[in-house]
Amino acid sequence: MSSKYPRSVRCCLPLWALTLEAALILLFFFFTYYDASLEDQKGLVASYQVCQDLTVMAVLGLGFFTSNLRRNSWSSVAFNLFLLALGVQWAILLDGFLSQFSPGKVVIKLFSIRLATRSTTSMLISMNAVLGKVNLAQLVVMELVELTVFGTMRIVIYNIFKIDYGMNMMHIHVFAAYFGLTVAWCLPKPLPKGTEDKYQTTTSPSLFAMLGTLFLWMFWPTFNSALLLNPIERKNAVFSTYYALAVSAVTAISVSSLAHPQRKINMTYMPNAGLAGGVAVGASCHVIHSPWIAMVLGLVAGLISFGGAKCLPVCFNRVLGIHESHSMHYTFGLPALLGEITYIVLMALRVFWASSNMIGFQVLLSTGTLSLAMAMSITSGLLTGLLLNLKIWKGPHVAKYFDDQAFWEFPHLAVGF
């Protein structure tokens, strides 16, 4: 017999979502208008192609990437689309209001959609840590809080540290990963015996997760270069991301076979380590001028991701009390920290080679922005986790974790689904 979505949530979720959408429509009506400037057709087409690539990554890539659980795949794909559609609207308004201090309407350009899509990606990453343990109403609340805090953080970095929007977006993986992990830490942790089958993977869901990985792998160079305005930096970002992804993919397959007693490849670790290179190189891809640096970074990121996914879950699940079924920490968190540290080292070396006495200031600046991103992600994640624990949201009971039957109608419910 299928589990029932709580009556209170069944009543309030449509009302809550439609009311929020109506409020967004009113805000767009009163405070926004389209950019009326005449752009050349070639530039417009190129800009739209970047938006299209980012949307494919978010919808297909991240949607299927989290569909590896046998009883939670429907929610993974559909909730991802819902949150992306809602989050882009909120992010466009938020970025417009925060970036202009004088009163006036927000001008919507293709770059605005590009920036909003990348900002919303932070929520789609964080969602991996809590997916299956919260309902859709809780995810909407989590999204509104995270996008607001993330947008505020970028404005603070822009105004205090004088780092433009393209550069301060490099903290997205660190912020998203540790925001999501902190929220997951606040949620009810014990999983009752007998429900382990719900968060086990099977062949078909794992294949869909690998399909999402392929979409992410193909379009990750666009993701890392989407907000860079300097043509040279954009070219460096594309090249560096490709080489880092290539090496991390080779590393994922090779190390997976090496670690298996019978030298077989384990599909479980492929999505994690295969993408780790793109995550790790994201912070420094625009300042890397030689392929070998990106390749070494991809190799180390792949090893860290594989080692973390294979050895650290016991520590996370039992010691820290964080049950993380989608390996988000090993795909985004640890590789992103490696990338941030690499960026700090590269910037320090650049200043040193230039015979400048500003090396200490540059290291302090880079370390300060990373520390701010970590502090704001953990603090806001803690507050969000406490907010999601309120009974008003009617979160799913631990016995109903990772179960699509709590949210979806199945025309013919098969035994053992």
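For all residues, glycine too, the Cβ spot is worked out from N, Cα and C.
Quick look at what Swiss-Prot lists:
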- 12-32: transmembrane segment (TRANSMEM)
- 44-64: transmembrane segment (TRANSMEM)
- 77-97: transmembrane segment (TRANSMEM)
- 125-145: transmembrane segment (TRANSMEM)
- 172-192: transmembrane segment (TRANSMEM)
- 203-223: transmembrane segment (TRANSMEM)
- 238-258: transmembrane segment (TRANSMEM)
- 265-285: transmembrane segment (TRANSMEM)
- 287-307: transmembrane segment (TRANSMEM)
- 331-351: transmembrane segment (TRANSMEM)
- 358-378: transmembrane segment (TRANSMEM)
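Between the transmembrane segment (125-145) and the transmembrane segment (12-32), three or more CB pairs separated by 6 or more residues in sequence fall under 8 Å, so the two stretches touch. Residues 233, 236, 239-241, 243-252, 255-256, 259, 269, 272-277, 279-281, 330-331, 334-335, 338-339, 342-343, 346-347, 350 of the same chain sit 6 or more residues outside the transmembrane segment (287-307) yet have a Cβ under 8 Å from a Cβ within it. A contact between the transmembrane segment (172-192) and the transmembrane segment (331-351) is present, since 3 or more of their C-beta pairs, 6 or more residues apart, lie under 8 Å.
The stretch in closest packing with the transmembrane segment (238-258), judged by the count of Cβ pairs under 8 Å and taken from 44-64, 77-97, 265-285, 358-378, is 265-285. For the transmembrane segment (44-64), the list of distant contacts is 76-77, 80-81, 84, 110-111, 113-114, 117-118, 120-121, 124-125, 208-209, 211-213, 215-216, 219-220, 222-223, 226: same-chain residues at least six beyond its ends, Cβ to Cβ under 8 Å.
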